[in-house]
Amino acid sequence: MEFEEDFSARADKDFLKMGRKSKKEKKEKENPNVGIFGMFRYADWLDKLYMVLGTLAAVLHGTSLPLLMLVFGNMTDSFTKAETSIWPNMTNQSEINNTEVISGSLEEDMATYAYYYTGIGAGVLIVAYIQVSFWCLAAGRQINKIRQKFFHAIMNQEIGWFDVHDIGELNTRLTDDVSKINDGIGDKIGMFFQSIATFLAAFIVGFISGWKLTLVILAVSPLIGLSSAMWAKVLTSFTNKELQAYAKAGAVAEEVLAAIRTVIAFGGQNKELERYNKNLEEAKNVGIKKAVTANISIGIAYLLVYASYALAFWYGTSLVLSNEYSVGQVLTVFFSILFGTFSIGHIAPNIEVFANARGAAYEIFKIIDNEPSIDSFSTQGHKPDSVMGNLEFKNVHFSYPSRSGIKILKGLNLKVQSGQTVALVGKSGCGKSTTVQLLQRLYDPTEGVVSIDGQDIRTINVRYLREIIGVVSQEPVLFATTIAENIRYGRENVTMDEIEKAVKEANAYDFIMKLPHKFDTLVGERGAQLSGGQKQRIAIARALVRNPKILLLDEATSALDTESEAVVQAALDKAREGRTTIVIAHRLSTVRNADVIAGFDGGVIVEQGNHEELMKEKGIYCRLVMMQTRGNEVELGSEADGSQSDTIASELTSEEFKSPSVRKSTCRSICGSQDQERRVSVKEAQDEDVPLVSFWGILKLNITEWPYLVVGVLCAVINGCMQPVFSIVFSGIIGVFTRDDDPKTKQQNCNLFSLFFLVMGMICFVTYFFQGFTFGKAGEILTKRLRYMVFKSMLRQDISWFDDHRNSTGALTTRLASDAANVKGAMSSRLAGITQNVANLGTGIIISLVYGWQLTLLLVVIAPLIILSGMMEMKVLSGQALKDKKELEVSGKIATEAIENFRTVVSLTREQKFENMYAQSLQIPYRNALKKAHVFGITFSFTQAMMYFSYAACFRFGAYLVAHQIMTFENVMLVFSAVVFGAIAAGNASSFAPDYAKAKVSASHIIRIMEKIPSIDSYSTRGLKPNWLEGNVKFNEVVFNYPTRPDIPVLQGLSLEVKKGQTLALVGSSGCGKSTVVQLLERFYDPMAGTVFLDGKEIKQLNVQWLRAHLGIVSQEPILFDCSIAENIAYGDNSRVVSQDEIERAAKEANIHQFIESLPDKYNTRVGDKGTQLSGGQKQRIAIARALVRQPHILLLDEATSALDTESEKVVQEALDKAREGRTCIVIAHRLSTIQNADLIVVIQNGKVKEHGTHQQLLAQKGIYFSMVQAGAKRL
């Protein structure tokens, strides 16, 4: 309750007040975990019933051992009495006859006791099943709810919350931390109550059977309890720190994998590995400290336990010799207290797992409890029957939550009449996109009012508000599904006819119909299978299908080529009819027909009016237009025939999509996409169909830690041997009382044996500490190394591997988080436990064969049944672990996609759809969990019950052997305690089955990825590294299809050449293969036929790292990393330490220095996840600075200035022109004014070069290029 009250009290606090921590918050920070009952906050009545029944069953199961000890004590007295009567009385016939009577009586008594054992065993068979299966069922049901609640809570947060939280950590928590909660609230709690019940029942039996001896032993118990409590407290603290470090590492991995093209292009793999390794190192150090602390406590606990044995037998002997207690009473008390104290040892691992779960639940429940100030799921707020679309911004002030010190809007006033189109113009970062975000209520203004039809939008229902708004953003986000489904995200229940209509309006219909699966084509992660222009057109169709009252176009045509833009612009003009529209555009030709054009400067509007009015005012707008117009003036020549050019233009429009090629576009896996979707389960099954790794295979992963493992195994063997040694000492004490020695001799012998117990305790203290420390350290080193090596192997793969839908960011981060942890789970403390149990049982059997082979053979016959049940459990759980892993990867993909693209999800009001998809993806893991509960319950109960049945067989047969003078009772007890306690330990080893099963699956994945050598190996040291690069590039008859879409040709015999220092411009319609040329030069892929040459050498012969080091790239949609601006720019050259002077020089050249200097933290300002804290233009300029700092020999500019405003573009274009001097440069641009000065312009169509020449030469040809220029010029 304390946890829940704490968070409800803080729910209404602004999450932005991150810097100010109250004392209460500081206290929370020091002890961040959830209350015990708070862990079960999502249990319904059925879950509670399962938990209550499971707990009752666990309590009954726990009482079975102490109950057994009562039977055992009475049985021991019968044995002792009979043996004392049998062995000395063998002198004459009458005494022999008397012995036979006693022997017969002993066998009858033992038969009765055997029935008691069997009855208890039958009870255990039932209650152990209920205990395990019911707790697993309750956990499975609650975890399903927690996953859904947590995902709902993430979907419910406002954008400002995401600005100050690491998205990568959220995905790690959704997979890793929820799994920890699952471990903590399942069968381990049943085991906990079982151990508690055993402890309490054992002491009750002890007091009833002999209160004096029990009190003496109890004197040691508080010390054992105190050490356990201290251990649990320290463990919780270390666990939370470890989780935080792994969450940070997971965030780094996700960020890197999501931006893999950027990382590979700039050779950033080693830098990212270092960044990842830094967080892993922190987690490893905490984990080692945790292992040391834990095992000191365990060592102390065993020392105290053995000290209590010594005390018990020393005092017990005096009680027997004084005839106060019988031997049976002493043993009943001793064994009851023994099992009671052992149960404390069993409590400790369960407390550890529960402590881990409480630490993991803290952050998860904290997010679930966080109530956003803008609640997109709220049903409150006004829902007007009709919306006219009158908009007003009144004295609006705003700062972004993550940079509250920087004011973006400083008193914005703007009115938009219903049906009007208002264009917002101004330089990058002046607040245009912010205005659009405030209208969608992604943020609330810090001051002022935004209203629709005179009503403050804060009083309107959030979902209703967003549903009446259609948005097309500067960098459109598509989801990893089909084209039709992506458009359907615009509006639920939309018909196929409406989808086709919207697609035609967005000029996307033709290219879609050319694809093999048309509307059922998969677009890939973030739409990666399509070109920028194709993505943009689908995004426009998605907005149009919404039929919105208000249309927001934020650079909606920025990624389109000239021809497509003309048609789409016409479609948008048509779509704007009758709608209130706000347009943001740097290309001013697209806004000249707006009813009102508003000029932004310094966070306020400084001028308003239509195109003609503002041109007369000679203000900001006029200046921008003049700059752009001058840039677009082209010498068309007096012979330019307008009608002819129109004809060619119209031909081009229809020709444009005759090419089946699609650019990055055509990339990867549209072919067969529908079949992929249908056959996903089959393909994934094949993917997973790798031979499961053997135990030795898993051990090999840890082989570099062999010194730790050797010491750990030796200590585990010693600890395992302690139980058989205990059996020898224990049976020796029994023998003292069955022999007819004088009391003094008996006391001396018992004192000696008690001293042995004390020595064993001291040995255990040392060996348990070293066992835990060495295995703990080896486990942490293994986890760190495996995570590092898997991540390294991922970064080694070529781009085609990442194109595969099975290797999405979500799937890879899920594997990265879970695989290493699963292997560690089987190799650290689990391996220690297995080694200990094998040594225990093995040594026990050997000793038992020496002292009583007949009884040993009977027990060895029973043992395979126990082992068989463990093997069955492992096999079934192994299959379940594989299924769980695969299915949770599916849900991980959905969650990652939704969280990474949260702004788009919110704008489209599709939070509920993603929740439904996520909930649906959890159904199979959920059903598997329920099935696994029953299987685990059956195998566990059988294993536990077999112990009791073995007691019955052992003592029944033992009675026969004693009665027939084949064995002494002392030896029966030795064999019994050595073999049966060893078998109990082996039975407990079956609880390792789920961990070992998971480890086998995970190890197979790890080994497979580590052994996978890509065809283009980024880490390879092979290949030529010429001393000098001139920069001559030649493509000779290059044929290329993307690996995941082999049936769609992209380049069909492309040949082109650019000489050293020349600038080559590639033009053509969207999807014609322009960006493919750049990707082949970067060696993201290799051509299927033909050759790419660099300075006359085939690039396949060149060292990949060397090649990429000489290339600088600026992409159409630049990706920045969540670090400082300086670090992002320095990322351009990862081969050295880039100085601050170089960073600033590159920033000045890219026209971003002045903006950076205006920020409070200047170059140390963090840019946010994927650069979300910056405008599109600002991101682009930082990306340009990043490329320039590289000082490349060859510069690749793929729409490098597409996101810039006119003013910035002019300056940056000059910077790029200057940067091109002395360098070979390949430019891709839709804005033809930016490439007029190129040495060579190549027009690509159908994957081939159709025209080439200079600007003037191509104009003179009056071909495709001429018509494109004409179309662009006509619109100015």
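Just so it is clear, glycine is given a Cβ too, placed from its N, Cα and C backbone atoms.
Per Swiss-Prot, topological domain 'Cytoplasmic' is recorded for 1-51 (among others).
Marked as domain 'ABC transmembrane type-1 1' by Swiss-Prot: 51-356.
The feature transmembrane segment is assigned by Swiss-Prot to 52-72 (among others), with sequence analysis given as support.
The feature N-linked glycosylation site is assigned by Swiss-Prot to N74 (among others), with sequence analysis given as support. Around the Cβ of N74 (N-linked glycosylation site), a 10 Å sphere holds 18 further Cβ atoms from the protein chains shown. According to DSSP, N74 (N-linked glycosylation site) is assigned to a helical segment.
Under the heading N-linked glycosylation site, Swiss-Prot lists N89 (among others).
Annotated N-linked glycosylation site per Swiss-Prot: N92 (among others), in sequence order.
Under the heading N-linked glycosylation site, Swiss-Prot lists N97 (among others).
Positions annotated as transmembrane segment by Swiss-Prot: 119-139 (among others). Proximity of distant same-chain residues to the transmembrane segment (119-139), defined by a Cβ-Cβ separation under 8 Å and at least 6 residues beyond the stretch ends, is recorded for 43, 47-48, 50-51, 53-54, 57-58, 60-61, 64, 67-68, 71, 182, 185-187, 189-190, 193-194, 929-930, 932-934, 936-938, 940-942, 944-949, 951-952.
Long-range contacts of the transmembrane segment (188-208) within its own chain (CB-CB distance under 8 A, at least 6 residues past either end) are made by residues 51, 54-55, 57-63, 65-67, 69-70, 131-132, 134-135, 214, 217-218, 332-333, 336-337, 339-341, 343-344, 346-347, 349-351, 353-354, 991. Under the heading transmembrane segment, Swiss-Prot lists 188-208 (among others).
The transmembrane segment feature in Swiss-Prot is assigned to 215-235 (among others).
In the three-state DSSP scheme, N295 (N-linked glycosylation site) is classed as helix. Annotated N-linked glycosylation site per Swiss-Prot: N295 (among others), in sequence order.
Annotated transmembrane segment per Swiss-Prot: 296-316 (among others), in sequence order. Same-chain residues lying 6 or more positions outside the transmembrane segment (296-316) and placing a CB less than 8 Å from one of its CB atoms are 212-213, 216-217, 219-221, 223-224, 227-228, 230-231, 325, 330, 333-334, 337-338, 341-342, 344-345, 348, 726, 733, 750-751, 753-755, 757-758, 760-762, 764-766, 768-769, 772.
Marked as transmembrane segment by Swiss-Prot on the basis of sequence analysis: 325-345 (among others). For the transmembrane segment (325-345), the list of distant contacts is 62, 65-66, 69-70, 72-78, 80, 194-196, 198-203, 205-206, 209-210, 213-214, 217-218, 221, 224-225, 228, 298, 301-302, 305, 308-309, 312-313, 316, 319, 734, 737: same-chain residues at least six beyond its ends, Cβ to Cβ under 8 Å.
Feature annotation from Swiss-Prot assigns topological domain 'Cytoplasmic' to 346-708 (among others). Restricting the average to the topological domain 'Cytoplasmic' (346-708) gives a pLDDT of 73.
Marked as domain 'ABC transporter 1' by Swiss-Prot: 391-627.
If you look up Swiss-Prot, you'll see 635-657 marked as region 'Disordered'.
Neighbour density at the Cβ, taken as the number of other Cβ atoms within 10 Å, is lowest among the glycosylation sites N295, N807 for N807. By the count of Cβ pairs under 8 Å, the stretch nearest in packing to the domain 'ABC transmembrane type-1 2' (709-998) among 51-356, 391-627, 1033-1271 is 51-356. In this structure, the CA atom of N74 (N-linked glycosylation site) is 64 Å away from the CA atom of N807 (N-linked glycosylation site). For the transmembrane segment (52-72), the residues of the chain that approach it from at least six positions outside its boundaries are 113, 116-117, 120, 123-124, 126-135, 138, 189-202, 204-205, 209, 328, 331-332, 335-336, 339-340, 343, 944, 948, 951, judged by C-beta separation under 8 angstroms. The separation of N807 (N-linked glycosylation site) from N295 (N-linked glycosylation site), Cα to Cα, is 39 Å.
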